[in-house]
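Q: So TrEMBL says this about it:
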type: DOMAIN; residues: 1-173; note: domain 'ASD2'
type: REGION; residues: 82-108; note: region 'Disordered'
type: COMPBIAS; residues: 87-108; note: compositional bias 'Basic and acidic residues'
type: COILED; residues: 144-171; note: coiled coil
Amino acid sequence: ELMASLRARLQSLWQERELVLQESRECAERGQGLEATVRDLCKPNELERYLMFIGDLEKVVSLLLCLSSRLARVQNAMSRMDGSADAEEKHSLSERHKLLSQQREDAKDLKENLDRRERVVSGILAKYLTEQQLQDYRHFVQVKTSLLIEQKDLEEQIKFFEEQLETLEQSIP
């Protein structure tokens, strides 16, 4: 019964992931249209700033999500440790936690820098785009970020339920 429930939940998550991937493709198409508009209206150096910002947006958000996820797994492993865990394992987890925490702080700094660059790009685009086009740009950036977060969350949930199902299948003779 539990296995059937896990399989049903996984099926639901896979379907949800497909919907998010479809939304991501649609968002990418809107992004290409927006890029074409920016390419037509802006100077080459302004276009370059726009393109670098859009490219870095995905990288920085993905980095933050990945580091946060890895940090959460290490914290969970640390909280599951009991008194019988050996000192080497505790030390290893503690070192990983410290390293991941520092990397996440560095990634937050990158995100703050990216936010400043977004304001610069917005200012540039405001000189060329209509109010509606500018709203479309801002909406695109928000949706792109949201979809990245949603996609990562779904991947984590799928991984968790797949591991649960595999553990359960292995525990049954």
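Every residue gets a Cβ built from N, Cα and C, even glycine.
TrEMBL annotations: computationally assigned, not manually curated.
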Q: Please give the sequence-distant neighbours of the coiled coil (144-171): residues at least 6 beyond its ends with Cβ less than 8 Å from one of its Cβ atoms.
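A: For the coiled coil (144-171), the list is 2-3, 6-7, 9-10, 13-14, 16-17, 20-21, 23-24, 27, 31, 54, 57-58, 61-62, 65-66, 69.
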Q: Take the region 'Disordered' (82-108) and count its residues per DSSP category (helix H/G/I, strand E/B, coil), listing them in that order.
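A: Helix, strand and coil residues of the region 'Disordered' (82-108) number 22 helix, 0 strand, 5 coil.
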